[in-house]
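Lifted from Swiss-Prot, the feature list:
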DOMAIN    3-234  domain 'Glutamine amidotransferase type-1'
ACT_SITE  Cys86  active site, nucleophile
ACT_SITE  His203  active site
ACT_SITE  Glu205  active site
Amino acid sequence: MKFGVIVFPGSNCDQDVHYALGSVLGQNVDYLWHGDTSVSGYDCLILPGGFSYGDYLRAGAIARFAPIMPAVIDFARSGGLVLGICNGFQILLEAGLLPGAMMRNACLQFRCQWTCLKVDNNATPFTNRFREGQVVRIPIAHGEGNYYADAATLAQLEANRQIIFRYCSPDGEVTPAANPNGSVGNIAGIINREGNVLGMMPHPERCAEGILGGSDGRELLASIVDWWERGERLGA
């Protein structure tokens, strides 16, 4: 399987993602520069965390207009797998590949900590190694991770099982106390209706080896590989 990690000016998690995919999982992975205009030949694209273009205007607002983004949008709309992590999630929202918007954390502070996430849907290319309802530990590091969507959009996300991760307590209770940023419904990650584009604020690449304090992130990335190697394709 061949991955492309897109590097924007200000990205700072691209090397971690590259290491997790290449060195930990042994996959073929390349860096793609924001100025590239083609993503041909890749099976999965990853938009990593960081502060693309300094987060000026809004997080992800300028990156959405980078030269590579039309190719990313076409890739996603043709069924290609896309994972946006933290700033990558924000870019996917700005690009219209996922519904909703990101606001500043409700506490108005940058939050860097481990979080517990409840897996709400494991029937996706990104979560098939997890059990539905399983609690996983994946860290966050963001100042604008407060996900918002209007009531109609939230109802659609619920009805279509597009909410993939919710912040929760260690025993799986979805409570306000477990919510680090004020996200509506404790939402930590969502998928598009077609099931091929996932955006999440927590960083799976930061917990891909036990030496980092946990390996739940490895299971997410390995889910993509397993799904691909089984020959599964969305809409097939």
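Note that Cβ sites are derived from N, Cα and C of the backbone, with glycine treated the same way.
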Using DSSP and collapsing to three states, where does Glu205 (active site) fall: helix, strand or coil? helix
Can you count the other CB atoms that lie within 10 A of the CB of His203 (active site)? 24
Per-region confidence, the domain 'Glutamine amidotransferase type-1' (3-234) (mean pLDDT, whole number): 96
Assigned element (helix, strand, coil) containing Cys86 (active site, nucleophile), judged by DSSP: coil
